[in-house]
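**Student:** Below is one structure. I have some questions about it.
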Amino acid sequence: MQIALAPMEGLVDNILRDVLTRVGGIDWCVTEFIRVNDRLLTPAYFHKLAPELLHGAHTAAGVPLRVQLLGSDPVCLAENAALACELGSQVIDLNFGCPAKTVNKSRGGAVLLKEPELLNQIVEHVRRAVPAHIPVTAKMRLGFDSPDGALVCATALAEGGAAHIVVHARTKTDGYKPPAHWEWIPRVQDVVKVPVFANGDIWSVEDWRRCREISGAEDIMLGRGLVARPDLARQIAAARAGEEVVEMTWAQMQPLLQDFWTQSVAQLTERQAPGRLKQWLAMLTRNYPEAVELFTAMRRETDLEQVSRLLGMPHPDHAVTL
């Protein structure tokens, strides 16, 4: 069984990847998508979005990081994939699942599910461009506005050379509205010979059990559920092994928040840092009553010293200024 941390644009950056992977249970993680247009990106740009490349493409906890690319030009994607490999990425992941309107309007993400032939071409070009030992993987949704083409799209990806496929069991039009349609996962697995990961609506160990029963998938990718419950991967791994599932307490969560804040202050601007902390806190309110209280107290706070005080920390050393 593999448990992966999903790529989530604007949420799971290198700071949150670092904090979450140290909790345990995550086998590998993925960058936020790196947008490829009509040019070769610079190494500095890759390092900005994936600083882990400077450390062997692993987080500080030793969890492998994969670079994810998004775009519609097979040649440009292939060239940038080759560069990402030169910079240290051991796997190249391709995004065919992003539902954001701005991304789709630029022919990126889930809108490409309308063009299965293009999906195939993209994977083929990237596969040929990177070293043979580097797997090329793909993440897709069930379709744009209907799952009717899901099997055709999955087949196109597999035949193009995808080593595995992560299926977010919703269409683009579904967005993140529940439920995820896990019943489509076995249908996808039936038409491809590569592993299929289940993704979508796994918020708890019980959700995972139901997902496995319905989808038949042993491998999973966790997104918002893991951000809202940072030890979810560890809980699922324990349940899978038949071990006792012990939930992380709020007291155990606090050092993670403090570390996240320290890194945010060091790497982000004074305006950005509080916003990113509140973004994570808002998701933690789903499982921790204490997070509700802290989020309420912090909701309109922008002063770094005051935020640090609310977290029970001394004044932050510094913040990036623009």
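Cβ atoms are placed via backbone N, Cα and C, with glycine included.
Remember, TrEMBL labels are computer predictions, not curated facts.
Okay, so TrEMBL annotates it like this:
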{"type": "ACT_SITE", "residues": "C98", "note": "active site, proton donor"}
{"type": "BINDING", "residues": "Q68, K139, H168, N199, G200, D201, G223, R224", "note": "FMN binding site"}
{"type": "DOMAIN", "residues": "5-249", "note": "domain 'DUS-like FMN-binding'"}
{"type": "SITE", "residues": "R35", "note": "site 'Interacts with tRNA'"}
{"type": "SITE", "residues": "N95", "note": "site 'Interacts with tRNA'"}
{"type": "SITE", "residues": "Y176", "note": "site 'Interacts with tRNA'"}
{"type": "SITE", "residues": "R276", "note": "site 'Interacts with tRNA'"}
{"type": "SITE", "residues": "K278", "note": "site 'Interacts with tRNA'"}
{"type": "SITE", "residues": "R299", "note": "site 'Interacts with tRNA'"}
**Student:** Identify, in sequence order, the residues in the chain of R276 (site 'Interacts with tRNA') that are 6 or more apart from it along the sequence and have a CB within less than 8 Å of its CB; answer 'none' if there are none.
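**Tutor:** Non-local contacts for R276 (site 'Interacts with tRNA'): D13, I15, S264, L268.
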**Student:** Can you figure out which of N95, C98, Y176, K278, R299 (the recorded positions) comes closest in space to G200 (FMN binding site), comparing Cα atoms?
**Tutor:** Y176
**Student:** Mind computing the max CA-CA distance among Q68, K139, H168, N199, G200, D201, G223, R224, which the record assigns to FMN binding, rounded to whole Å?
**Tutor:** 22
**Student:** Show which residues of the chain containing R299 (site 'Interacts with tRNA'), separated from it by at least 6 in sequence, have their CB under 8 Å from its CB.
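**Tutor:** Those within reach of R299 (site 'Interacts with tRNA'), by Cβ under 8 Å and sequence separation of 6 or more, are K278.
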**Student:** If one looks at the chain holding N199 (FMN binding site), which residues at least 6 apart in sequence have a CB under 8 angstroms from its CB?
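**Tutor:** A6, K139, V166, V167, H168, A169, A180, I220, M221, L222, G223 - these are the non-local Cβ neighbours of N199 (FMN binding site), listed in sequence order.
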**Student:** May I ask for the distance between R35 (site 'Interacts with tRNA') and D201 (FMN binding site), taken between their Cα atoms and rounded to an integer number of Å?
**Tutor:** 26
**Student:** Could you pull the average pLDDT for the domain 'DUS-like FMN-binding' (5-249)?
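**Tutor:** Reported value for the domain 'DUS-like FMN-binding' (5-249) is a mean pLDDT of 98.
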**Student:** Can you tell which of R35, K139, R224, K278 has the most other C-beta atoms within 10 Å, given these are the recorded positions?
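**Tutor:** Result for the most crowded candidate: K139.
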